Amino acid sequence: MSPTLPVGIHDLCFTTGYYVLDHNEMARHYGVDPDKYRLGIGQDSMSVPAPDEDIVTMAAAAAQPVLARHGADTIRTVLLATETGVDQAKAAGLFVHALLGLPSSTRVVELKQACYGATAALQLAAGLVYRDPTQSVLVIGTDIARYDLGSPGEATEGAAAVAMLVRAAPAVLRLDSTSGLYANDVMDFWRPNYRATALVDGKTSIEAYLQAVQGAWKDYAEQGGRPLEEFEAFCYHQPFTKMAHKAHRHLAACAGLGQSDADIRAALRHTTSYNRLIGNSYTASLYLALASLLDHSEDLSGKPIAMLSYGSGSIAEFFGGTVVPGYREQLRTAAHQEAVRRRVPIGYAEYRALHERALVTDGGEHLIEAESGGPFRLAGIRGHKRVYDTADRRTATA
Ligand code: CAA
């Protein structure tokens, strides 16, 4: 097998939650200047899932169009990354596997390392495809970002899932084999098993992210990666979009490149459109930045793109890829824009009620009303088991 075999992202599709809270609503509620959100952290609104949505329903909804286009024949592995796990033992991907009707001859695993998880999945998927180029891997990043009400993190909540088909001779992005890595045990953001909301030391987390950018870049350069100037655009993990600006300024300084504000804006141009409106989607965030770039840029065929993945705790990876000529035929721009546009606006009180809602834990049977109208829904909890349903089955039994 040739080590130069191109492997990468063949298709990419994301979806988001059913509701949306505009940051003007949050600003009104807390009596703060809306510019703190719009300009200060670079966020306009955030997705809020309906009660019948969770990471499983979003993941299945993101993956369904990918399977509809390419079939499932070559998929022998599903890697689902999340930090919003629904079970301490069972992989959420198994619910997705069932909802999508994937064959039983499939390896299904869940990965966790905060927001970095989907990048780990992508790199592991590339390794599996190198080993057997006849196989493809379904990689999913799916998360609901949730902080305590009234905490500084609240304005950076969001929700989304991204599904990517990784295979040989990809149609969208060929991954470079060089990666820069950085690991550091730091408590900047974490969620103990007994909590539904994350804990974060905001300022420490920003410092930890920047330190990780520096470490990953240093390793990338030592591994013989491309010079920074070679990249056409830079996709960052975006807990809030202003973070991408901070990160890129820091990266350019580390690489010894003088960058004006205009240079930084140009390097990030088109990468923040979706995250500005959706909010933090943890594992999916970096790949929403990539989708935003591909969906909104002029033709990028043959151009190298840089990717910086950060997961608190912490791990960072800097890697590159080349956009494949003809990639535009694969894009799902209209569907992505529609997923963002069709969200139903809610006020702060409705958002708060959704935020405070918790699943019952008494082991009884609890049905959840159909609300989101998506292709998949969480129908209830029975005997401590999640029960999912598809639109098809709903129609069949209606
Ligand atoms: N007009 C314009 N700008 C304004 C403004 C106004 N009226 N009011 C404030 N600002 C600016 C501030 O000057 C500040 O800018 P700088 O960052 O450039 O200094 C910015 O808005 C934010 O203001 P504060 O620092 O006062 O905001 P805050 O303390 O309330 O919260 C936060 C900011 C710490 C990022 C908080 O949102 C948070 O804790 N978020 C969650 C943690 C997070 O996302 N960390 C990122 C790195 S960790 C990571 O990436 C992993 C992950 O996904 C969580």
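Heads up, the Cβ atoms here are built off N, Cα and C, so glycines get one too.
The shown structure was predicted, so the numbers you read here are calculated from the model rather than taken from an experiment.
The (3S)-3-hydroxy-3-methylglutaryl-CoA site in TrEMBL is built from Asp33, Lys246, Asn280 plus one of Tyr147, Tyr388, namely Tyr147. Note: the domain 'Hydroxymethylglutaryl-coenzyme A synthase C-terminal' (270-325) comprises 21 helix, 18 strand, 17 coil (DSSP; helix = H, G, I, strand = E, B). Across the domain 'Hydroxymethylglutaryl-coenzyme A synthase C-terminal' (270-325), mean pLDDT in this model comes to 98. Ranking the recorded positions His237, Lys246 by how many Cβ atoms sit within 10 Å of each one's Cβ puts His237 at the top. Least packed by the Cβ count within 10 Å, out of the recorded positions Asp33, Glu83, Cys115, Tyr147, is Asp33. Taking the Cβ of Asn280 ((3S)-3-hydroxy-3-methylglutaryl-CoA binding site) as reference, residues of its chain lying under 8 Å away and at least six apart in sequence are, in sequence order, Met46, Cys115, Asp143, Ala145, Thr156, Glu157, Gly158, Gln238, Pro239, Phe240.
Overall, the recorded (3S)-3-hydroxy-3-methylglutaryl-CoA-binding residues Asp33, Tyr147, Lys246, Asn280 cover a maximum inter-Cα distance of 22 Å. Taken residue by residue with DSSP, Lys246 ((3S)-3-hydroxy-3-methylglutaryl-CoA binding site) is part of a helix.
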